[in-house]
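Colleague: Following this message is one structure expressed as structure tokens.
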């Protein structure tokens, strides 16, 4: 789950991380009122969307007067920002963050991620702050420095200092920088983050270390123990279909193809998408109904798939272990009748109660094509939608 920059900064502030003073605003009037509460000559008007690259897209403006704050707020609110992370459709700005300006001396990058290949949290730092870290990794990878955290002992202070020296943080600010690294690590662990990123982390001309921007993503599977963080969720920033899927405990991700997929198990779902591509077609979604699917859940899954106008056919690929094939078959028949499905439908069932499941499909009288294997099913649905 993602949250907005201003929410991330408020959370960082609770953990003692230094961030500039700022206030969220949902209207132009609120933006002007927020600016009036801030000290300093420069105010920063920031678009709040769940995507990076806002500055390059015109979503971050420096204002020196209240009139400029009003002007920029009027221009940005309601604007569709298109960045390298939003896709060509962009995101509509529905809220702003009005923040006091900072006298920047140097900019750095600091981020924490989980490296699944080694099963460790990795802290990354670079002197190339303010840039996309992916670009730095591609063009000047030697400027990215890493510290790997031992999960038994956690991040040690000497590692934070060592990272500071590698990044060439000014000597007089090494302790302050190291303290921020330790606090960001605490945020990452205690709130179950998947990404904790400060870009840029800046040193100021008056000798402070400040998180000028912040990005926190959280493990959705851990949100049950963070009700305060879950309350920060902004569903308007998410795909409406993914929001609807989460209500029914379905894992759904929209893709660009035309074959809807309904599968149980993430691994099988990914394999299904691969084999669809192997036969020259493109999957329209990732959809995992999980191990406890009911007829109602299958019906909701079909509705989700069909909410995508690009879908020209559906491939159901089920391996019945915990979930029984006859239950899935009943759900498929019920969903097909309720929705009035008029698209090609290929079903491959295997596992527990598979014979009963196939019998239910055969006796339904519906135009359902059955498959004997995953490859057979993928080949059939690819041929039917051509």
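Heads up, the Cβ atoms here are built off N, Cα and C, so glycines get one too.
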Colleague: Need one residue: from 221, 258, 264, 372, the one Swiss-Prot lists with 321, 322, 323 for substrate.
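Modeller: Among 221, 258, 264, 372, only 264 appears alongside 321, 322, 323 as substrate-binding in Swiss-Prot.
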Colleague: If Swiss-Prot says 53, 54, 55, 99, 102, 107 bind ATP, which of 46, 91 does it name for the same site?
Modeller: 46
Colleague: Cβ atoms within 10 Å, counted per site: which of 322, 323 has the most, among these binding-site residues?
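Modeller: Output for this query is 323.
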Colleague: Within the chain of residue 53 (ATP binding site), which residues six or more apart in sequence place their C-beta under 8 angstroms from its C-beta?
Modeller: 83, 84, 85, 86, 132
Colleague: Greatest CA-CA distance (Å) over the residues 46, 53, 54, 55, 99, 102, 107 that the record ties to ATP?
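Modeller: So the binding residues stretch over 20 Å, Cα to Cα.
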Colleague: Tally every other Cβ atom lying within 10 Å of the Cβ atom of residue 213 (Mg(2+) binding site).
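Modeller: Taking all protein chains shown, residue 213 (Mg(2+) binding site) has 24 Cβ neighbours within 10 Å.
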Colleague: Between the Cα atoms of residue 213 (Mg(2+) binding site) and residue 46 (ATP binding site), what distance do you get, rounded to the nearest Å?
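Modeller: Cα to Cα, residue 213 (Mg(2+) binding site) and residue 46 (ATP binding site) are separated by 10 Å.
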Colleague: If you draw a 10 Å sphere around the Cβ of residue 107 (ATP binding site), how many other Cβ atoms fall inside it, taking every protein chain shown into account?
Modeller: 18
